[in-house]
Each structure stands twice: as C-alpha cells, then as structure tokens.
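Trainee: Here you go, one structure.
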Amino acid sequence: MKTIGILTSGGDAPGMNAAIRAVVRTGIYYGLKVKGIMRGFAGLVEDEVIDLGLSSVGDIIQKGGTILRTARCEEFKQKEVRKKAYETLQKHGIEGLVVIGGDGSFRGAQLLSEEWNVNTICIPGTIDNDIPCTDYTIGFDTACNTVIDAINKIRDTATSHERANIIEVMGRNSGYIALYAGVAGGAEMIILPEVEWSIDELCDKITYGIKRGKLHHIIVLAEGVMSAPELAKMIKERLPKLDLRYTILGHIQRGGAPTVMDRVLASQMGARAVELLLENKTKRVISIRNNQIVDDDIDEALSMKKEFNRKLYELSKILSI
C-alpha cells in the first residue's frame, strides 16, 4: 500500500481535526502518501481530492470542526453515484480509505467495500455518542463540556430570578449528552428518549422544590423527546404561576476546541486506522471499550445495540432529590 485517503462525513464533531492529523502523520511516518477528500462522500464523487502533508495538519489539533469540511450526500445511496466515487479513488491511486463520521458514514464505507473491494476503516466521530460498538465517540466529551458551561451560566441567572429553566440539547434519538451533562450539571430532571417520564412527576418535583425553598430548577431535555417550547407549554398549563424559561443550545454543541479526552481518543483512533490498513485489514470500525482501542467488522458494528447507562440515570434521580 502506497497511498491512503481520508474524509469526514455527516455532522462535524470536535476532535475530527485531531484524528485527521493522526492519520496524516502516522501515514507519513510509515512512508505513505495521504490524500484528503473534501466535503465527505460528496467530494469523493466530485473528485475534490487534495494532497496532505505535515504542514497541512500543523496547528489543527486544538481546532474544532474539520479542515476537510463535511457534507451529507443522499445521492450516495445510488450505485451509479458510488461508482463515480470508486473511479475517483482509482484515479488518485488511493488503496485505503479512512472514513470519520457516524453510522450513516459507516454504511457508505460498507457499500464501497462490498461493491468495489475498497479497503475501508471507520472512525466514530459524532457528538451524539450513539455508535453501539464504542463506549465513546470523538466529540462527545467536548459537547458535554459545552453543555455544562451553559448549564452553569443559566443556573446563575435562574437562581437570581428564582426561575425554572429548560435546556434542550442535541443527540438525535440518543440521550447521552443529556444524561452525562445533566448529571455533571446537577440537573433536577433529565428527560431522555430511552426512559419513560411523566409530566405530572416533573411538575410535582418542581412544586416540592419550591416549597422547600429551592431557588432554581434545571431541566435538561434531549431533543429526541420533544422540543423545549412544547415542554414549556405542558409545564405552564399545570403550573401557570411558575417563572419558566427555555434555552435551545443548538449547534454551539458542535463547535469549540476539543477536550483532552477527545484529542487523545482521536489521536489513538487515527493512528490505529493507518496501522489496520497496513495490516491489510478492511471493513473495520475502530472503538474504545473498557479503555482499550479495539476494532470490529463493520457489519457486526452496525448490528450492535447501544447499552443505555441506566445506573447513571438512576444515580441522577438520587442526586436530584
């Protein structure tokens, strides 16, 4: 193997640049040429390929986003479009492809491997932490820290005004950001897609807190359950005198300098991706489990089910009495 390529696909996540840096530097260390594909699979189809060298990845480990840009490519579901992507790889002599992204990105890599025998290695990069085969995805820790910073600031003003605040966080159909940030932020209530909840129980908890002199109430809401305005309306219908505000954090959770954890995780995964290609392995997804970097067959990785951390959720209920 002489030349490898790398792309980032789907939603961006802090730490992607650290992974790109690791792939490029490890590849060069082992004597490989490294090509960058701009804008994910869309750029692969459109032949947007650049050379990546040591200077290309200098001064990027601390930056959020991705220097390769990213885009969603619905057209990639069509076989004739995927053929164009394969032709781009052939044109540039790319013998191995590293794909950083979520499960949709992995499925794109899976199809390239199955249809055109492309050597592919996948790295989980998504703030949602919803990839079943790995304990943590690149970007999750940074996103949680961003949410924590917001919770801390919102609590300051909520306490001053004796208010309740709903904070809506990202995660699609996964409640991991809400759960981890909610526990770390001392939220009074965490509402997740994975757990049944009751609006009456929530309102009773707020009422009890007010009676015992509590100055604020922080409710962390995962976007996959409902929107913050919808929840606010439900609460106000039952507690019309409650001073209630809501904040939708939105895409601020995707940006910012990656944390130490995300930089180290991305560096480990990026280096391992190159090593796997040099070992002639393909269709692998790199993960971290029990603090060890491991890899799984992509078919198995996509069929796994993410285990919800119910113990942590139960702990959140104990700590929020």
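Each residue, glycine too, has its Cβ placed from N, Cα and C.
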Trainee: Among Arg155, Arg238, Arg245, Arg254, which residue does Swiss-Prot name as a further ADP binder in the site formed by Arg21, Ala22, Val23, Val24, Arg25, Gly186, Ala187, Glu188, Arg212, Lys214, Leu215, His216?
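Mentor: The record-listed residue among the candidates is Arg155.
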Trainee: Per Swiss-Prot, which of Gly11, Gly15, Gly27 sits in the ATP site along with Arg72, Cys73, Gly102, Asp103, Gly104, Ser105?
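Mentor: Swiss-Prot names Gly11 for this ATP site.
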Trainee: Of Glu196, Glu223, Glu279, which does Swiss-Prot put in the substrate site with Thr126, Ile127, Asp128, Arg163, Met170, Gly171, Arg172, Arg245, His251, Ile252, Gln253, Arg254?
Mentor: Glu223
Trainee: Within 10 Å of each Cβ, count the other Cβ atoms, then let me know which of the binding-site residues Arg245, Arg254 comes out lowest.
Mentor: Arg245
Trainee: C-alpha of Met170 (substrate binding site) to C-alpha of Arg72 (ATP binding site): distance in Å?
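Mentor: Per the Cα atoms, Met170 (substrate binding site) and Arg72 (ATP binding site) stand 18 Å apart.
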Trainee: Provide, as an integer number of angstrom, the distance between the C-alpha atoms of Glu188 (ADP binding site) and Arg245 (substrate binding site).
Mentor: 15
Trainee: Only counting partners 6 or more residues apart, tell me which same-chain residues put their Cβ under 8 Å from the Cβ of Gly11 (ATP binding site).
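Mentor: When sequence neighbours closer than 6 are ignored, Gly11 (ATP binding site) has Thr70, Gly101, Gly102, Thr126, Ile127, Arg254 within Cβ distance under 8 Å.
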